[in-house]
Amino acid sequence: MPMLKFVELVFLTWALYSCIGWIWETGLSIVVRRRFVDRGVLIGPLCPIYGFGALLVLVLLHDVNNPVALFLSSGVVACTLEYVSSYVIERLHHVRLWDYTNKPFNINGRVYLNGFIAFGAGATLVKLFVQPWFMGMISQWSPTVLNVISGCIAVLLAVDASLTAASSWSFDTRLKRISEDVNKLHAEQVANLDHRVVAANEHFEERRQTMLDTHIAHTLNWQQRRLMQAFPGMRSVRDNTIVDQLRERMEARRSRRDHADGQDAR
């Protein structure tokens, strides 16, 4: 097989399962949260970790066809990838995108039992049924069709990845700035605290909410706001509470908009 065709087949396989992963994650989020939330790290409909997980299973377990052995081995491979990905992201960006600390049978909050079962079952279906069908279909494409489709997806992915990377590298710095402003406001509140505790607390809360709203609108970009909505378990390593505070204000703003839209519709 020519090297170019081999690379294109691997790339399209990765893209297929990345897209399927996005559909799974987003669909699950719709069921649980009862509204659409784009669950991808990238702007486009792709969850790269699913694509890499599928490739690892197909390469490492290509000789394993027993369903039980495949299920168990796939679960181990997928959870290992998820654990390593969580660790690397945290080290690079000082942010955890997911945290399973409160889930049963978790390992350091990075992986847990339900994920093992879901990934193991999904990878077993991929290896035994989906991949043979996909390779049979794609083998019928002409070299021109293969080149065009691979090239278009690659260009879009390169643009998407560049924008996402630029946003990710500045995310930690912006969260740190917001956290420092909130902590400074809290320090001022403590220093000026007097006998009117209730009134002082209410005033502090109003100022805190206004500050967070300002940072949401002007400090964070669209991609960073989307990621906080997409990953409910996200937290900053530097400040465990700042992402939750921002997300709470974003939800409050969304609720006000929905209420206003409902009033206008009447």
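Every residue, even glycine, has its Cβ placed from backbone N, Cα and C.
As the structure is a computational prediction, the values presented were derived from the model and not from experiment.
Quick look at what TrEMBL annotates:
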type	residues	note
TRANSMEM	6-24	transmembrane segment
TRANSMEM	36-62	transmembrane segment
TRANSMEM	68-90	transmembrane segment
TRANSMEM	111-134	transmembrane segment
TRANSMEM	146-169	transmembrane segment
Task: Residue list, the transmembrane segment (146-169) vs rest of chain: Cβ under 8 Å, 6 or more residues beyond ends.
output: 5, 8, 11-12, 15, 41-44, 46, 93, 138, 221, 223-224
Query: Which one, 6-24, 36-62, 111-134, has the most C-beta pairs under 8 Å toward the transmembrane segment (68-90)?
result: 111-134
